[in-house]
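Novice: Mind looking over this structure? Questions follow.
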Amino acid sequence: MQIVGRNIFSLGLSRITSGVILFVVQTRLASYLGPHGFGKLSVVLAFYTIFLLFVDLGISRFAIKKISEDKEAVHTYYGNFLLAQFITAIFVFALFLIIPRVMNYDTEISRAMIYAGAGLLFTAISIPAVAIMQAWQKIHIYAAVIFVESLAKAAWFAYAIWARYSIVFIMEIYLYVGIFDVIVWYFLTRRIAVPRLTFNSAVLKSMFVFGIPFAMLSGFEMLIAKIDVIIQKMFLPYAEVGLYSAAYRFLDFLTFLPAIIAISLFPHFSGSDQLDSPENVAMSERLHRYLLAVGIPLGVGATLLAGPIIMTLFGSGYEGSIMPFRVLIWSTVITLFYAVPNVVMQVRSIRKAIVILGSVTFFNIAANWALVPRYGIMASAWLTVLSYILVGVLYIAYSRKFLRFSIFGSAFWPILASVIMGAALWIFREWNLFILGPLGIVIYFTILRLAGFLNREDIKSILARS
């Protein structure tokens, strides 16, 4: 519990701090580019994000699981993993050269995708070392690297705005970050294992056979999140894509919350002989309890304050992002609700998880293809929320076979406090956003504190650091 708590604390601190900085700079970037230019950038980033999770074919999850179970296996998996990554990285880079031609994208997007693909190539080669650090549960080191990378991107974006550069220059930073990843992770992991390209057909076969399910899992998750942008471009102008992407930028920022839980719990659950042990049940209930405490008021507050939030951060050209944002924010609430069951499914029932995600992904793609031409970006917003609801319901139902903890028992006070907070925000809705935000937070957490929902001992237990 102490290791998990330390990992959650360090990764959470890193993601929140760097994420806020990067998010603010990205809103300025969206304002600078306008909906049309931001739509172009979002298409490139959608491809980058999708292939970032596809590129390792799920082997990283498999390697983390196996090395967590047996630390002596690190040398066996490292070299073969590195070889597999090198091959798949070259293949993915080739796709980034081919896709713009097939999709008939303009020269600006084609050049931007070259930088994105090159950056992805180097980042992919560093993935085996990152997996080793996660298997050793040294998430605090991973958090520090992520923090540095985020600051570098934020500084680069800010300079691009100041110098008024195009999206091609903006995407160059992904190449430099990829090269940085290769260098820094080599030095950070050299005391654990030295990377050597090795070929063991039996090991490689097992890595691909067992890794592909993890790739499908990660791939389906990302397709649900990003494929809508690519489909939108087939039917809508770049400006519409930019409006939707601006609203979705909040979700991209908030993904650090379920990601922290997944990265911290996955190696812990993988190494647990008894998943439903009293310690794991108690830890899961605490985590779920506080995820609810964050998620529910987030959804209520963002829905009520969507207009001021969008206009303050993105400017007058993004009025069309307000309604999609009001809908999309609830997908984050839903992912927080099933964050712990998500990890349980990955560890103990990955095939069932693949079937669930694959089915929902197929539904999402087909529905976007059918509805976006008629209903525009709002169709994508509602389909995103519906997709996460389907995944959440099924994950919770099946995960309870392996780890049972209270799902709804802690929801009463966060819901009641959110309703009261929402009423106050509605009454004073004409006030400045920077007054309404803190006011809502104070009202909400004061109610939880008075109700005894916030327990100091629980917080100390979760954030305990060794």
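A Cβ is built for glycine as well, from the same backbone N, Cα and C atoms used for every other residue.
Annotations for this protein, taken from TrEMBL, read as follows:
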TRANSMEM  7-25  transmembrane segment
TRANSMEM  45-64  transmembrane segment
TRANSMEM  76-100  transmembrane segment
TRANSMEM  165-188  transmembrane segment
TRANSMEM  208-227  transmembrane segment
TRANSMEM  247-269  transmembrane segment
TRANSMEM  290-311  transmembrane segment
TRANSMEM  323-341  transmembrane segment
TRANSMEM  353-371  transmembrane segment
TRANSMEM  377-398  transmembrane segment
TRANSMEM  405-428  transmembrane segment
TRANSMEM  434-455  transmembrane segment
Novice: Do any residues of this chain, six or more beyond the ends of the transmembrane segment (165-188), have a C-beta under 8 angstroms from a C-beta of it, and if so which?
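Specialist: For the transmembrane segment (165-188), the sequence-distant neighbours (Cβ-Cβ under 8 Å, at least 6 residues beyond its ends) are 29, 33, 37, 40-41, 44, 48, 108-109, 111-113, 115-116, 118-123, 125-126, 129-130, 133, 141, 145, 149, 152-153, 156-157, 159, 195.
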Novice: Need a quick answer: max count of Cβ pairs under 8 Å to the transmembrane segment (290-311), which of 45-64, 76-100, 208-227, 405-428 is it?
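Specialist: Out of the listed stretches, 405-428 contacts the transmembrane segment (290-311) most.
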Novice: Report, as numbers and ranges, every residue of the chain located at least six residues beyond the transmembrane segment (45-64) whose Cβ falls under 8 Å of a Cβ in that stretch; write 'none' if there are none.
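Specialist: For the transmembrane segment (45-64), the far contacts come to 77, 81, 84-85, 88-89, 92, 95-96, 99, 113, 116, 119-120, 123-124, 127-128, 130-132, 134-135, 174, 207-208, 210-219, 221-223, 225-227, 229-230, 266-267, 270, 346.
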Novice: Under 8 Å between C-beta atoms and at least six residues away from its ends: which parts of the chain pack against the transmembrane segment (405-428)?
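Specialist: Counting only partners 6 or more residues beyond its ends, the transmembrane segment (405-428) has Cβ contacts under 8 Å with 281, 284-285, 288-289, 292-293, 295-297, 299-301, 304-305, 340, 396, 436, 439-440, 443-445, 447-448, 451, 453.
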